[in-house]
Amino acid sequence: MIMKLFQFIRTHVAVKLGLLLLSVFLLVMLALGNILYSLFLTFYLSHTTEELVQRAHSHAAVLSDHFDRLTIDHVVRMEQGSLFMVVILDEKGEVLGSSDTITPLHRPYLKEAAQRNLQEEYALEQDWRTKPFLVSRSAILGDGKEIGTVVLFSPTAPIREAIGILQGMLLGIGGITVIIVTGILFILSRMVVRPLLEMKKVTGEIAKGRYQSRILVTGEDEVSQLAASINHMSKEIQFYQKQRNEFLADIGHELRTPLTYLKGYSEIVLQTQLSKEEQKEYIGIIHEQSKRLQRLVQDLFELARMEQGDFSFRKERLSLEEVITNVLTFVESSMDEKGIALEYQSPKTKPIVEGDPQRLEQLFINILENARRYTPRNGIIEVRYGGDVDHITVQIRDSGPGIPKDELPFIMERLYRVEKSRSLETGGTGLGLAICKKIVEMHKGEIWVESIEGKGTTFFVRLPLINWV
Ligand SMILES: Nc1ncnc2c1ncn2[C@@H]1O[C@H](COP(=O)(O)OP(=O)(O)OP(=O)(O)O)[C@@H](O)[C@H]1O
Ligand SMILES: [Mg+2]
């Protein structure tokens, strides 16, 4: 039961806030009430006691002047209308007069008051809580001797009554506080907790995969901002989810073609009687397709790792020209084979950049490989440098077919190819430029492309430069 209550408090912000508020209020109320209570008590009691003593004293003073029947009756009559009760004793302690009936409750005080060795004025009883009255005595003096005593009683019931009223008032205020705090709690829970609950519900939905769930944002406070952030996040997730699904579909498609070839040709080799040459031809196709598959998987893996930020990235100072000339010697022979002329303008000074030499090589191989692949026989490929003090731009231009204007924005997306049907002939998977883009991003550079259909394509790679030497 108690555990359940704790669990309830722990899991509800509104209850926590409310309890905190309530305890602060109650603490303040308690302190204030206590102060008020003791102040009231001190003033009220000291006032009553003082009056009691004073009155007894003034009666005693009057009687000290005229200690006779007439004065005694006068004093007694004076107190008959008041709350007090006066009793006048002679020197032996016998009652000479009283303003009210003397009950057994009064007796012990009268006996005590008659004793001589007391002070002249003395409060005999001050306990207002348990005793029925406060009592004061004052001596009546004649010729320097005590000739009688005035005993004054004041009932304590009115004091207790007043204190009771005060306590009731304080309790009432406390009660009202509790009601107010409960009201605040209710408003708070509407203002703060309700939207939070709504957010909890929606994020739960999102976690379950229903990305189209949105929170209604009303206001501009922190809670509304949080709601807006969650909406934004869920939109983002929805987008990525869609992209992922499309990507998976694309990959499935990419894998299907080579696998169909592999299955088909291997079945032929296994099931039919073939000549040695035919066998060799078919196994050659199988080999080509498995190589293609291997490359596809490798590229995908590479790209995924780069996207996750989980890759080794060396950072060293290097001459970009060296990287490019390395790549050029690598692709030269395949260019020659296709009769493509390679024009290279070496820079006047060496561009020094900071980066990973292997990744940069891969970047330029991908671009040059594309240029070679998509440029028809006897075309031209040109590599030049440009830039300024802190950037270098490498241009790679080809005299190929160019890229249609409306396809240009997409060619660096993974698996995107302009000519989808040509894939088998050219063997591309559409990952090369996606990898290029990642590599350039890793180097805090930019890559873009300009192309005129029928004329050719130019790729630009702009990288931060350390200096020209
Ligand atoms: N120099 C170019 N001239 C004409 N089209 C190009 C050129 N470079 C790229 N493209 C087009 O952009 C597409 C995407 O290029 P990308 O390098 O990403 O993929 P790919 O070459 O098809 O395959 P991969 O490089 O993964 O083997 C290509 O399929 C091609 O249609
Ligand atoms: Mg390519």
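Note: Cβ is positioned from N, Cα and C throughout, glycine not excepted.
Marked as domain 'HAMP' by TrEMBL: 190-242. Counting residues per DSSP class in helix, strand and coil order gives 39 helix, 0 strand, 14 coil for the domain 'HAMP' (190-242).
Taken from TrEMBL, the feature domain 'Histidine kinase' applies to 250-467. For the domain 'Histidine kinase' (250-467), the model gives a mean pLDDT of 91.
Residues annotated as transmembrane segment in TrEMBL: 169-193. A Cβ distance under 8 Å defines the sequence-distant neighbours of the transmembrane segment (169-193), meaning residues of its chain 6+ beyond its ends; these are 12-15, 17-18, 21-22, 25-26, 29, 33, 36-37, 223.
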